[in-house]
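What TrEMBL says about this one:
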- B:62-362: domain 'SAM-dependent MTase RsmB/NOP-type' (DOMAIN)
- B:74-96: region 'Disordered' (REGION)
- B:76-88: compositional bias 'Basic and acidic residues' (COMPBIAS)
- B:CYS162, B:ALA163, B:ALA164, B:PRO165, B:GLY166, B:GLY167, B:LYS168, B:ASP185, B:ASP216, B:ASP234: S-adenosyl-L-methionine binding site (BINDING)
- B:CYS289: active site, nucleophile (ACT_SITE)
Amino acid sequence: AVHLVLAVQQRHANIESSELEKVLDSFSNMGFSNAQIMELFSLQPKFAPEMRLMVVCELILLGLDPDSTLMVLQRSPEVLRMTAQQLRHRADCLRKLGLGEGNLQRVLRRYPTIFTLPWKKIDAVVRMFKTCLFPVAQVTEILQSCPNVLLEEPQDLEYKFQYAYFRMGIDHRVMVKSGLFRMSLAELKNRHIFLERLGLYQTPDKKGQTQIVNPKLKEIIRVSQKDFLAKMAHSSLEEFEVFRKLLAREEEEDQARVSEETDSDSDGEEERSEIE
Amino acid sequence: MALQNFDMNYGAQFGSLWPSIRIGLLSEQKYGALVNNFSHVGRISQDLRSLNAVDFVYESQKAALHVPWDSPVEQVRSEETAPEETRNEQLSVEKTQTPPLLSTSISPNIKCYTFSRGNISRFPPSRPDTSGILGYYLLDAASLLPVLVLNVQPGDLVLDLCAAPGGKTLALLQTGCCRQLAANDISASRVSRLRKVLDSYVPKAVGSNVRLTSWDGRNWGELERDTYNRVLVDVPCTTDRHSVMEEDNNIFHRLRMKERQMLPMLQMQLLLAGLLAAQPGGEVVYSTCSLSQLQNECVVERAVELAEIQFNISVHVEDLSYFRSVFQDTFSFFKDCRLGELVLPHLTANFGPMYFCKLRREQ
Ligand SMILES: C[S@@+](CC[C@H](N)C(=O)[O-])C[C@H]1O[C@@H](n2cnc3c(N)ncnc32)[C@H](O)[C@@H]1O
């Protein structure tokens, strides 16, 4: 039945019925159910069955099971456009970055687009970490624990690093161990500045000293918002929500001021009614 | 500079409340728009309402009375004895403690729009109407509380001892009750700013009821003793919010240490002068925009003591807890003031700090 449906579908692709049958057999042999095969063929229907087969084979060889393979292709159908060689090459390169077995499958499953990104982009991220003086082993650790960084802009990551390093006084090792790069910059700032204004966090001075004991980075970012508010900030959700809005506006206005200052010489002074 | 000092002193004074006050001080404050009754009140109010702002004075009193807006006062009075499920225990107790209606013990005619809790919208600057008069004045809404609690009555002689730049002076004029308003500030340059404010908000005829002077308020006891029905003593202080946010002209600067240390003394002398300037039976409100107990309750206590000892004047400090309960939806009050009331900055209602205490000169 599958054969019949697909045969009709694929007719315009000029494919011999017997060939189609072979392809279908291969899919079944790899463990795909009929329904899954139908799914597979519904992605980018214009694509030739043999190409489809090659890519799927490659993914299976990379250690994905049929379920994950289908999921990856559903989430990023553009993977289908890659040649087997390209796929293999990308996998090799990622292995060299430390994303070996286990990690590789995880990356594929969670961030399949990492396989289709231009390599230049990935390289730029890795180089950025090195310029920020992360030792190779730590770069590997970052990639393993937060592969999402490969999808981010290097300058955004660098800004996040600098923020944690200079504003929060956090060293490289702690950043890596605490999974700093898993949290968005906006949320990092929200939590950090919230604590800072509450008087619960201080930027260390030149000698690395503070007058209070700062909470650990992990305790700030690796907890749910609820726990963060209840156990760390001792504050209400209501306050935190107002604070986020205020901070977002502050940042927006800072940015506007900076660009205004660089664009023109006007002094962006606000007119405000008098208060005592 | 200021922050370190605050962490130490206020950390001790407010304990676990301090972090939440601190973050309020360090984040954008909220404003209120004081409607100028000498302008097109209806249109201005409508404009402000269309921004989603509400008149907190009106709302608070409405909530306090639990009666529809347009009920005449007499009717309210008769209803007061009727049982009402909605009225909570606390309120009814307070109502019996304060026999005159709340609305009559709060200066009338003051309308001030604010955005509700958690709403961080801002008011656009006020624009002049056809006659050049501005429609509203932006200020920390909490700074109206000292004026509201002063409770100016029709025909009163009123003294505003430290008046510049004039937010409270303007609010006092909005009551339409001042027979004469004496507005004073030691700083001539600040008095000229006050004059400019009055010029842009009140018509000449009303302005002519205002006497502007630039004297040292501490001498008022000698200048005009036993004269006024109402006196507002809004003293210079550490201006806590300003001090944590602005570097320049900061009272916590090393070079201004002496001046800062002398503040409580100056405040006490000013309050004492205010008490002397009041008629027997007259009412005085002391206010600061500081959280410091030393500048607030302690100053009041010392001034009351000295008035008694040196001038044989006995002073009654009023309990303002009813007042607090009326306005607690809009402001975050400190529950443990020994005397007077204190509005604490809080992210969701970021007004204040504002301390105020009401004193009555006994007959
Ligand atoms: C907190 S401000 C008053 C704000 C004003 N009431 C308002 O609402 O806009 C304190 C004022 O006290 C004035 N001042 C300081 N020392 C004084 C003194 N000895 N006599 C009178 N005014 C004084 C200052 O010049 C300053 O303008």
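Along the chain as shown, the residues are counted starting at 1.
Heads up, the Cβ atoms here are built off N, Cα and C, so glycines get one too.
Nobody curates TrEMBL annotations by hand; they come from automatic prediction.
Features as recorded by TrEMBL, highlighted on the structure.
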residue	record	Cβ neighbours (10 Å)
B:CYS162	S-adenosyl-L-methionine binding site	23
B:ALA164	S-adenosyl-L-methionine binding site	26
B:GLY166	S-adenosyl-L-methionine binding site	28
B:LYS168	S-adenosyl-L-methionine binding site	24
B:ASP216	S-adenosyl-L-methionine binding site	13
B:CYS289	active site, nucleophile	25
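Listed recorded positions B:CYS162, B:ASP216, B:CYS289 compared with chain A at a CB cut-off under 8 A give B:CYS289 as the close ones. Pairwise Cα distances among B:CYS162, B:ALA163, B:ALA164, B:PRO165, B:GLY166, B:GLY167, B:LYS168, B:ASP185, B:ASP216, B:ASP234, the recorded S-adenosyl-L-methionine-binding residues, top out at 20 Å. Averaged across the domain 'SAM-dependent MTase RsmB/NOP-type' (B:62-362), pLDDT in this predicted model comes to 89. Residue pair B:ALA164 (S-adenosyl-L-methionine binding site) / the residue listed as 'active site, nucleophile' shows a Cα separation of 14 Å. In the three-state DSSP scheme, B:ASP216 (S-adenosyl-L-methionine binding site) is classed as coil. Annotation note: B:LYS168 (S-adenosyl-L-methionine binding site) sits in a helical segment as assigned by DSSP.
Each residue contributes its Cα atom, and for B:GLY166 (S-adenosyl-L-methionine binding site) and the residue listed as 'active site, nucleophile' these two points are 15 Å apart. Calculated from their C-alpha atoms, the gap between B:LYS168 (S-adenosyl-L-methionine binding site) and B:CYS289 (active site, nucleophile) amounts to 13 Å.
If you take the Cα of B:ASP216 (S-adenosyl-L-methionine binding site) and the Cα of B:CYS289 (active site, nucleophile), they are about 20 angstrom apart, rounded to a whole number.
Looking at the residue listed as 'active site, nucleophile' and B:CYS162 (S-adenosyl-L-methionine binding site), their Cα atoms lie 13 Å from each other.
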